[in-house]
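Asks: Relevant sequence annotations retrieved from Swiss-Prot are reproduced here:
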{"type": "BINDING", "residues": "His21, Asp32, Ala33, Gly34, Gly35, Met36, Asn37, Lys90, Tyr123, Thr147, Arg167", "note": "1D-myo-inositol 3-phosphate binding site"}
{"type": "BINDING", "residues": "Gln27, Pro28, Gly35, Arg241, Lys246, Gln299, Glu321, Glu329", "note": "UDP-N-acetyl-alpha-D-glucosamine binding site"}
{"type": "BINDING", "residues": "Phe308, Gln309, Ala311, Thr335", "note": "Mg(2+) binding site"}
Amino acid sequence: MRHDDVFRLNEPRRVAVLAVHTSPLAQPGTGDAGGMNVYVLQTALHLARRGIEVEIFTRATASADPPVQRVVPGVVVRNVVAGPFEGLDKYDLPTQLCAFAAGVLRAEASHEPGYYDIVHSHYWLSGQVGWLARDRWAVPLVHTAHTLAAVKNAALAQGDSPEPPLRTVGEQQVVDEADRLIVNTDDEARQLISIHHADPARIDVVHPGVDLDVFRPGDRRAARAALGLPLDEDIVAFVGRIQPLKAPDIVLRAAAKLPGVRIVVAGGPSGTGLASPDGLALLADELGISARVTFLPPQSRPNLATLFQAANLVAVPSYSESFGLVALEAQACGTPVAAAAVGGLPVAVRDGVTGTLVAGHDVDHWADALAGLLRAPAPAAAAMSRAAAAHAATFSWDHTTDALLASYRRAIREYTTERRGVGA
């Protein structure tokens, strides 16, 4: 299909995906890698299965990173050299956007004109580069923010650092320039409209998905045996980056009020959590619960599924969460979730049906929520487990890809109409 045919049929054949600050191939739970990485990789894989080629541009973070990594047929990751490989904080990345953009434009220049049909940027840093690429290549820009500075700053954990003003300015520019804006939930759409005055007609709600081939119910005792966890203890799992935003300390403080409960923490320090990488272990010691806290490094997807199967429940106490893939993945394994009633978590978790939503971060309230799930009668616990798995099964990456493609088609159609109007 030629480039002109793409705009005639509103059907993309090749997508340039921008993920400046973190590679989709990075292990979630380390550094800046999390749900966004999973989202970018899974949507790319599913687009490729439908015959749409995807090239993902990300910043190289090691000298050993090859310029091009072929993930599967139809999915390529391009590691763009922009700034030093190591020691560059995410907050310093705006200084390297020019270098990154130059690398993206050079890659496109090596192809025939009209190589990419659409640009999809993830996070505001990528949106800045996408804005330039959109104008240079004369193709539409679709943008997914994933998080917003104003939302994060309104719900900071104690002692956490606020997002800088330059990010708010940068996000506003991207919202103004993008042809379409993709959000995870209706709540996120309302935030874009109220904070950044986004045009509601340009917003598409696209729920993230879950890999139902990996995350599925399994035998709890077998899962615990595989991970070397006690067979006869109640287990509460926390999975994610160790940083104030994710509030792992709330899980420890709440569990300290529940004798006999084991806490499993899987993840690595990130963001402001890097300032005190041993902080959570020190807190466990201060609370006198070190003997019943198990720390695990970030886990592969199959191992993560095993951990979810092993746990009685999973806690997601984040101060801000645009969706909460961890909550969805846990439920896909039949494991109830106790989650903060923030952001997209009320969509990911059905309160009282697949888990519990907790208002605020009062430790006593969290202890009561965890205890309520752990002490539920066996029939009620089994019913909640079944409901959790059934709820998660409605969120597949195939459904996500359907909605994503619909947004791409709208972007191409509207861009084509606007371009013809300008030329008329």
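Yeah, the Cβs are placed from backbone N, Cα and C, and that goes for glycine too.
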Asks: If you draw a 10 Å sphere around the Cβ of His21 (1D-myo-inositol 3-phosphate binding site), how many other Cβ atoms fall inside it, taking every protein chain shown into account?
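Replies: Within a 10 Å radius of the Cβ of His21 (1D-myo-inositol 3-phosphate binding site) lie 22 other Cβ atoms.
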Asks: Would you mind sorting out which of Tyr123, Arg167, Phe308, Gln309, Ala311, Thr335 (the binding-site residues) have a C-alpha within 10 A of the one on Gln27 (UDP-N-acetyl-alpha-D-glucosamine binding site)?
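Replies: The binding-site residues passing the 10 Å Cα test: none.
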Asks: How long is the line from the C-alpha of Arg241 (UDP-N-acetyl-alpha-D-glucosamine binding site) to the C-alpha of Gln309 (Mg(2+) binding site), rounded to the nearest angstrom?
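Replies: One finds 20 Å between the Cα atoms of these residues.
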Asks: Here are the binding-site residues: Gln27, Asn37, Gln299, Gln309, Thr335. Which has the lowest count of other Cβ atoms within 10 Å?
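Replies: So among Gln27, Asn37, Gln299, Gln309, Thr335, the binding-site residues given, the one with the fewest Cβ atoms within 10 Å is Gln27.
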Asks: Helix, strand or coil at Lys246 (UDP-N-acetyl-alpha-D-glucosamine binding site), per DSSP?
Replies: helix
Asks: Mind computing the max CA-CA distance among His21, Asp32, Ala33, Gly34, Gly35, Met36, Asn37, Lys90, Tyr123, Thr147, Arg167, which the record assigns to 1D-myo-inositol 3-phosphate binding, rounded to whole Å?
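Replies: For the residues that bind 1D-myo-inositol 3-phosphate, the greatest Cα distance is 20 Å.
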Asks: Of Ala33, Ala311, which of the binding-site residues has the most Cβ neighbours inside 10 Å?
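Replies: Counting Cβ neighbours within 10 Å, the top one is Ala311.
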Asks: Give me the CA-CA distance between Phe308 (Mg(2+) binding site) and Glu321 (UDP-N-acetyl-alpha-D-glucosamine binding site), in Å, as a whole number.
Replies: 20
Asks: Whose Cβ, among the binding-site residues Tyr123, Phe308, has more other Cβ atoms within 10 Å than any of the rest?
Replies: Phe308
Asks: Cβ atoms within 10 Å, counted per site: which of Pro28, Gly35 has the most, among these binding-site residues?
Replies: Pro28
Asks: Around the Mg(2+) site recorded as Phe308, Gln309, Ala311, Thr335, what other same-chain residues have a C-beta within 8 angstroms of the site's C-beta center?
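Replies: Once Phe308, Gln309, Ala311, Thr335 are set aside, the remaining close residues are Arg220, Ala223, Ala237, Ala305, Thr306, Leu307, Ala310, Val314, Ala330, Cys333, Gly334.
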Asks: In whole Å, note down how far the CA of Arg167 (1D-myo-inositol 3-phosphate binding site) lies from the CA of Pro28 (UDP-N-acetyl-alpha-D-glucosamine binding site).
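Replies: Approximately 23 Å lies between the Cα of Pro28 (UDP-N-acetyl-alpha-D-glucosamine binding site) and that of Arg167 (1D-myo-inositol 3-phosphate binding site).
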